[in-house]
C-alpha cells in the first residue's frame with residue numbers, strides 16, 4: 001500500500017468516524033483509529049486534524065446541544081413546569097456531553113496527553129456559548145427550581161427542629177415544602193435532585209453564572225419576608241440577635257448546600273448578606289417607628305435595635321423622611337388633640353434620646369411637630385397644664401429637671417449658644433457629620449423634656465405669660481386661699497425660668513396670702529355684717545385682665561361691700577377697693593315656705609338673681625334684666641339654672657317666681673361648674689369681639705407711626721405702610737408683629753372712625 | 001463684633017479707609033440707624049403740634065419732615081415739607097436739612113437751603129430731629145434779618161401785612 005492511498009483511505013475513515021460529512025458512525029473501531037492516528041502523526045497533520053475535530057465539536061455544540069438545552073425552558077410561568085424544565089435541561093445536557101466523549105478521547109490522543117485537557121477546554125467553550133444564548137425567560141425556571149428546593153430545605157429544617165409539630169402543637173399532615181401529604185413528602189427527593197443538578201452544573205463550571213443572580217434574589221426576598229414576619233407588631237423585644245442567628249443557621253447553611261462550604265466561607269459573601277439583613281431590619285423598624293415612639297418605653301428594645309442598625313447602615317435620612325411623612329399623615333391633623341400631639345412629642349423626645357443622643361435626628365424628624373404645635377393656640381396652656389398637674393403624664397418633669405439647675409435663658413431656649421462664650425469649652429466637640437449645617441449645633445442633649453417643650457415657641461416669655469393666665473384662673477377659683485400647691489409649682493418654674501420672669505406670679509401668690517390676712521382682720525373689726533365677706537384683693541397691674549362684665553348688684557349687697565371697703569381704707573390708708581362683681585362665689589342658704597332649707601355655693605350673679613326674689617315675688621325677665629344691667633340672653637341662662645334646680649318656676653313666658661315646693665334635694669350643692677359651662681357658651685357668643693380687641697390694642701402702638709408716616713409722605717398703599725412699619729419700628733420694644741391682613745383691618749377700622757381716608761388704593765390723612 | 005477682626009489683617013484697613021468711614025464704619029452705621037430709630041420713636045410718641053417727620057422710604061437715613069407755620073405768625077397754617085439727610089457720623093455731624101416746599105423767608109434761599117446756626121457751626125450731638133424741627137418752626141416766626149439769604153424777604157419783614165400778602169401769593173403759586 002503506498003502512502004498516498006493509505007492517507008486517502010485513512011482520511012475517508014476519519015471523516016466518516018468523526019461524522020464530518022454528516023453521517024454518524026456509532027462505533028469507532030479502535031484498531032482503525034490507531035492506524036489513522038499513526039498516519040496523521042506520520043504526515044505531520046496533527047494540528048490540522050485537531051482543528052478539524054474542534055470545528056466539528058463547536059459546530060455541534062452551537063447548533064444542537066445548546067439550543068436543545070435552552071429549548072427545554074418553557075415560557076409558561078408554572079412552578080412545576082419551571083422546576084421540571086431545569087431538571088430536564090440539565091439531564092439532557094449531561095447526556096449530550098456524554099455523547100461527545102469520543103471526540104475528547106480522540107483529541108487527547110492527538111495531543112498525546114493522558115489527562116482530559118480537551119474536556120476542560122470544551123467546558124469553557126460550552127459555558128461561553130450557553131451564556132451567550134440565554135433566553136430571557138430562563139430565569140423563571142431557575143427561580144422555580146431553587147425556590148422549591150429552598151422550601152424543601154426549610155421544611156426539612158423545621159421538621160428536624162420541631163419533631164413533626166408546628167408552633168401550635170398540631171401534627172403537620174401537610175408538607176409545606178413539596179405540597180404533599182407528609183407521608184409522601186418529596187422534600188428529600190427534591191433536595192437530592194437539587195444536589196445532583198448543582199453538582200452537574202458545578203462540574204460544567206456554569207452553576208454560579210447561571211444561578212447566582214436568581215439565588216441571591218431568592219435569598220434576599222426570604223430575608224426580607226422573614227424580617228417582616230418577626231417585626232410585625234412586636235416592639236417589646238430585641239430581634240437583631242435572633243435574626244442574625246437565623247441568618248447563620250438557615251441562609252448560610254443553604255448557601256453552603258448550593259455552592260459548597262467554600263463559598264460561604266468568603267468574608268465578602270457573609271458581609272453582604274449580613275448587611276442586607278440589617279438593611280431590611282432597619283427599614284422594617286423605620287416603617288414602624290411611629291408605633292415604636294407611641295409605645296415608648298415599652299418599645300425600648302426595638303429602639304435599641306434601631307440604634308445599633310443605624311450605626312451600621314446609612315439610613316438616617318430615610319428615617320427622618322419616613323417619620324416626617326408618617327407624623328404628618330397620622331398625627332398632625334385636625335383630628336388629633338393637642339394633648340395627644342404633646343404626648344407623642346414627649347414620647348419621641350424620650351425615644352430619640354436613646355436612639356440618637358446627639359439630638360440631630362430628633363431635630364430633623366420632629367420639626368414638623370414643633371411647627372404644627374406653634375400653630376395651635378392651646379399648646380402653651382396644655383404644656384403648662386400637664387407640667388403643673390402632678391398626676392399627669394409630665395407631672396414629674398418639673399421636679400426631674402431640678403438637678404440640672406440650669407436656668408433656661410433665652411439663648412439656650414432658642415438653641416443658639418455662643419461656642420466661644422461657652423464655659424464648658426473643654427468638653428466641646430464638633431457637630432455630628434449629619435447635623436443640619438444651616439442650624440447652629442449646640443451639642444445639647446435632648447434628654448430634658450421641659451426645655452424641649454418650651455423650645456416649641458423659641459421664647460420663654462410667651463410661656464410665662466400663659467402660665468400667669470393659668471395661675472390667675474386657678475387662684476380665682478380657689479376660695480380657701482390655699483396656695484401651697486401653687487407655690488410649689490412656682491418654685492420649680494423659678495428654677496427653670498429664673499426669678500425675674502416669674503415675678504408677677506409671685507406677686508399674685510402674695511396677693512392671695514395678703515387677702516387672707518386682711519380678711520381675717522377686717523372680719524374681726526367689722527360690726528356684725530348681714531353676711532360675711534372675704535375679698536380677694538389683687539393688684540391689677542400684676543394680674544391678667546379679669547373678665548369684668550358689668551352687673552349691678554342688689555343694693556343691700558352693695559352697701560355691705562361699701563362697708564367692707566371703708567374698713568379696708570381704715571387699715572390701708574390711701575387705698576380703696578374696686579369690686580369685680582362677676583368674679584368670686586357666694587355661699588347661700590335658701591329657706592323655703594315649707595321650712596326646708598338648702599345650701600348652695602354659686603357665682604355672684606346667680607346669688608344676685610335669687611336675692612331679688614327676696615324682695616319681690618315675681619319678676620319679668622326684662623324687668624330683672626334692667627334691674628341687674630345684664631343682657632337678656634345671659635340672664636335667661638342663669639335663671640334657667642335656678643329653674644332646673646327647682647328654686648324658681650316659670651309661671652308664664654319669661655315671668656318667674658319662687659317655687660314654693662323648693663328644690664327636690666336636700667343639703668349642699670355647688671353650682672360653680674355650671675358657671676364654667678355658661679361662661680364657655682358666652683365666650684363663644686362674644687368670641688368675635690374678644691378676638692378683635694387685643695389685636696387692635698397691639699396695633700394701637702403703630703397708630704402714631706402711621707400718622708407720622710402719612711403726615712410726611714401723604715398717601716401710601718397698605719403694603720408700603722406695612723413694610724415701613726416693619727423697617728422703622730424698634731424691634732423688640734414694641735414686640736407685636738402684625739400681618740398685612742391685620743394691619744389692613746386696623747387701618748380700615750380707622751377709616752370707619754374717619755381718622756383716615758382711603759381712595760384709589762392708598763391711605764391718607766383726612767383734610768383738616 | 002469689631003473685636004473679631006483678625007489682627008493680622010488689621011493692617012489692611014487702608015482698603016476700608018478709602019470709604020472715609022474708618023475700620024468701624026459698620027458699627028457706627030448700625031449705632032446711627034439705631035439712634036435714628038430711637039429718635040423716630042420719641043418723635044412719634046411726643047405728639048408735638050405742627051412738626052412731624054418720617055423716613056421717606058428704604059432706609060432710615062433720609063427723612064421727610066413736615067412743619068406747620070406757628071400760630072400768631074404770618075406763616076400760621078402753612079404747611080412746609082423738608083428733607084432731612086443724616087450722615088453716617090450722625091449725631092456727631094449735623095444732618096442736612098432743606099425746604100422741599102419753596103419757602104419765602106429771610107433765612108431760606110430759593111433752593112431751600114436754610115441758614116440756621118445749629119445746623120452749621122453750633123451743631124451739637126445733643127440736638128435731635130425734634131429739636132431741629134422745633135428750631136426751624138420758631139425760625140419761621142422769628143427770622144434772623146442780620147444775615148439774610150433772601151434780601152427781599154428781609155427787607156419786607158418789617159411790614160408784616162405786605163409780607164403776609166406776598167407770602168401767601170408765593171405759597172399759592174407753589175400749590176398750583
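From the backbone N, Cα and C atoms, a Cβ is placed for every residue, glycine too.
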(message) Of the residue ranges B:1-32, B:33-64, which one carries the region 'Disordered' annotation in TrEMBL?
(response) B:1-32
(message) To see if you understand the setup: which same-chain residues, six or more apart in sequence, place their Cβ under 8 Å from that of residue B:115 (active site, glycyl thioester intermediate)?
(response) B:107, B:108, B:109, B:144, B:147, B:148, B:149
(request) Using DSSP reduced to three states, classify residue B:115 (active site, glycyl thioester intermediate) as helix, strand or coil. (result) coil
(message) Within the domain 'UBC core' (B:31-176), what mean pLDDT does the predicted structure show?
(response) 86
